[in-house]
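Asks: First the structure, which I've put down as structure tokens, then a few questions once you've had a look.
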């Protein structure tokens, strides 16, 4: 594996000039430090902290061990993000894991990542978060009974369509939405934290007596508990997907990581303490929605604020997921791993609208096809498989290519710890509780071989695709992009 050199000349496709050859089309650098922090924190704080605590407690068996899992997940996310920050200052391109795997390991593994991420992982994750948003958004209209599935799915679809419009219109509009919703959800979490501190001050500490009693010790159970916790931290790597749109990425990337992730970790641990102050472990385990139960017990008539907060939180998180997920599709197309039309940007809005529309369409298919009760475990399995590959690439560069210019260096022990954690998270559930769905996921990943060799390696492209691409360019008002 050798470091792939970036092309020094643009291909005819990627260097199409506008305005009679005087101006090149490229995405703007409009994401500053505040927007960077909002993109990380705003995507991380979604439905997870309102839904996952009961499952972490269920798998760990005791309050104290579940709090340790939440803190450990935050530390692991921080270590992973710091490792990615160094990668982002070596390879200053958007695309996250995809571009790092491509530059370090080559075309084939990068294609498998892009294929899996664009077709399955990102759309499924976005659909799951939008379904969570829909459940909380429609719940007030159906008091005392469960909401109809058709209403939930239609609301989730409307959420995706609204996000598509926002992100296609303007990058600045999308980041402004992120900033506003991040502020709103931080305020909601602070309400829960303050409420918990008041309960503790009033002596409601029964959940913390003999706090380690009944702790589970099985490696599989701990691994699944990590999956549930890490689902709530997912998004720690989102800024690496938009590196080319960052203002001063060598400074903004590490700083945003160092601000956002410790902030989210502290909030998550304190929110869990607040849940345990308001409820006994058995009450927490029997709660269908922990945050709503907390609101009923602590806020009384103001409990509706929690449902509103969760809806706002999940909408903001889905916006961040959509913003970064569309970039993976866009970058993969720019590198020749997806159809050319997906590598183009709108000539006036300067957004990768075809890639965003494709991500939206795949997410809508996921919503129509069913629910996502087990998506967390399988999403995490795929994610940590590729996180581990990416971190091993960083270790390769640190050992074999120390001369490469980098404005930020992470101590080598940190990526080693992340790589060990990734290996554990991938193997532990397979060894302890093997499931046939894991085999299906692995088969899906390697099914990309069927597409890679004819379409990418041998470039066997049907001629009608060129005509389709031209017609779509005219319809969508998009043109090929170039890069610095």
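Backbone N, Cα and C define each Cβ position, glycine as well.
Note that TrEMBL annotation is computational and uncurated.
Values in this document were obtained by computation on a predicted structure and should not be read as measured data.
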Asks: For the annotation transmembrane segment in TrEMBL, which listed range does it cover: 133-153, 154-174, 217-237?
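Replies: Going through 133-153, 154-174, 217-237 one by one, TrEMBL flags 154-174 as transmembrane segment.
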Asks: Would you please say which range out of 9-30, 31-52 has the annotation transmembrane segment in TrEMBL?
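Replies: Checked against TrEMBL: transmembrane segment maps to 31-52.
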Asks: So if I exclude everything within five residues of the ends of the transmembrane segment (64-85), which remaining residues of that chain have a CB under 8 angstroms from its CBs? That is, six or more out.
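Replies: Tertiary neighbours of the transmembrane segment (64-85) are 40, 44, 53, 56-57, 96, 208, 211-212, 215-216, 222, 225-226, 229-230, 232-233, 236-237, 240, 253-254, 257-258, 261-262, 264-265, 268-269, 272-273, 276, 387, 390-391, 394, 408, 410, 414-415, 417-418, 421.
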Asks: Given a Cβ distance threshold of under 8 angstroms, which distant residues of the chain, six or more beyond its ends, lie next to the transmembrane segment (256-278)?
Replies: 33, 36-37, 39-41, 44-45, 49, 53, 63, 66-67, 70-71, 73-75, 77-78, 81-82, 84-85, 186, 189-190, 192-193, 195-197, 199-200, 204-205, 207-208, 232-233, 236, 239, 284, 290-291, 293-294, 297-298
Asks: Under a Cβ pair cut-off of under 8 Å, which of the recorded stretches 97-118, 154-174, 180-201, 302-333 contacts the transmembrane segment (31-52) most often?
Replies: 302-333
